[in-house]
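Reading through the structure tokens given below for one structure.
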Amino acid sequence: VGVLGSGDFARSLAIRLVCSGFKVVVGSRNPKRKAGLFPSAAEVTFQAEAVKKTDVIFVAVFREHYSTLCDLADVLAGKILVDVSNNTEINHHKESNAEYLASLFPACTVVKGFNVISAWTLQSGARDGNKQVLICSNNQEAKRTVAEIAQVMGFTPVDMGCMSSACEIENIPLRLLPAWKIPIFLALGLFLCFFTYNLIRQVIHPYIREQKNKLYKIPIEVVNTTLPCVAYVMLSLVYLPGVLAACSQLYYGTKYRRFPDWLDQWLQHRKQIGLLSFFCAALHAVYSFCLPMRRSHRYQLIETAVKQALEKKMNVWVEEEVWRMEIYISVGIIALGLLSLLAITSLPSIANSLNWREFSFIQSTLGFIALVISTLHTLTYGWSRAFDENQYKFYLPPTYTLTLLVPCTVILAKVIFSLPCIQQRLLRIRRGWEKGRYVKFVLPSATGEYSSGETSSNV
């Protein structure tokens, strides 16, 4: 196998090919200076010599340097050229790099591949990175040859069709978290709304009403009050689209009616929404552990102790508050543990080791249990304070009461769907039953002849 180029990717490619048992010939314009960068088992020579000795050649040079290979056009005739290049931005050129390479060397067979594999993955092996190698070409035999090389190297070749797919393949490494944009903006929007709401209640209200400066609460306390709100609402948003989808199927009496685009997109982003929920919950746990470390907290403890000493209070133990905090923290730890399990099992390496029933049980059943326990965590935090008029600053209800709206709606809907009459109907719909569908039937008449008719599947 030949490799044209002496950059980082070419060196990693040569190392992986040598480790896979291939005889590698590297073509470079300065072979003496570049020979020390490659493994000793690889032959480093001039480009023309490398092309003559190989039939499959990896072109590991940038698009702007393709023209420097034009002098080798005669020697390259009939060879298979594997284009591994990428662009610096999406759709930077009208035609893909592979199509441009094919236009420069019409006597060669060009295959696009290995561009979605990083140099690190090539050096460390497929076990430490993405295992898929996307391949496309107009020549089936050339694709089969490159696919066999990828398999020997420990990767999984994926046939993406003809050369017109090269542009899409080249855009894949340039996309920055395409499936995360909507969930991230959703999380940021919720964070901004709850942060503003808590800022008004915890900082602005005491400043206006009591002339107290509470700005020191912004970095830790206000943020720590906001994070669990975002985590809790985001977790409920993971299961809300499933409820809406079930309502749609029950209303129309079929599973074959297409969901609206917004609901379809929502269903596809549930994994990312759930992971962001776990991220906010984990940050909330860390912030909570850091609360006693604040200097303001120490001052408040000293101030409270001095007031109690002046008032000669010997026993300040409040049994109800003790139990509330014990239950609150315990339930919160359990909820965070379940969220950790959901996050871990959503990783492809873990999910692939589970069958469908196991994965569904963890993500659906345990996920719903996590939502219920998070609700108990929130209710325990509120306790009886929801009925205290002093908690309604600027006539605004406490933040945790707002966060209960969506989760409680989801829990109530889940309970309703679990009723036998509704559960059986929904199960029939998901198995193919349709409301209003007519089926043919044939009945014998009194004379022994058969007559046909039709009836609704509802009957």
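Cβ coordinates come from backbone N, Cα and C, glycine included.
Automatic, uncurated: that is what TrEMBL annotation is.
Taken from TrEMBL as is:
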- 1-87: domain 'Pyrroline-5-carboxylate reductase catalytic N-terminal' (DOMAIN)
- 182-200: transmembrane segment (TRANSMEM)
- 230-370: domain 'Ferric oxidoreductase' (DOMAIN)
- 230-252: transmembrane segment (TRANSMEM)
- 273-294: transmembrane segment (TRANSMEM)
- 327-347: transmembrane segment (TRANSMEM)
- 359-380: transmembrane segment (TRANSMEM)
- 400-422: transmembrane segment (TRANSMEM)
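The transmembrane segment (400-422) shares the most Cβ pairs under 8 Å with 230-252, out of the stretches 182-200, 230-252, 327-347, 359-380. Distant neighbours of the transmembrane segment (327-347): 231, 235, 271, 274-275, 277-278, 281-282, 285, 354, 359, 362-363, 366-367, 369-370, 373-374, 376-377, 380-381; these residues of the same chain sit at least 6 beyond its ends, with a Cβ under 8 Å from one of its Cβ atoms.
Here the domain 'Pyrroline-5-carboxylate reductase catalytic N-terminal' (1-87) has a mean pLDDT of 94 out of 100. Tertiary proximity for the transmembrane segment (273-294) is limited to same-chain residues at least six positions away from its ends with a CB under 8 Å from its CB atoms, namely 183-184, 186-187, 191, 220-221, 223-224, 227-228, 230-232, 234-235, 237-238, 332, 335-336, 339-340, 342-343, 346, 367.
Sorting each residue of the domain 'Ferric oxidoreductase' (230-370) by its DSSP state yields 117 helix, 0 strand, 24 coil.
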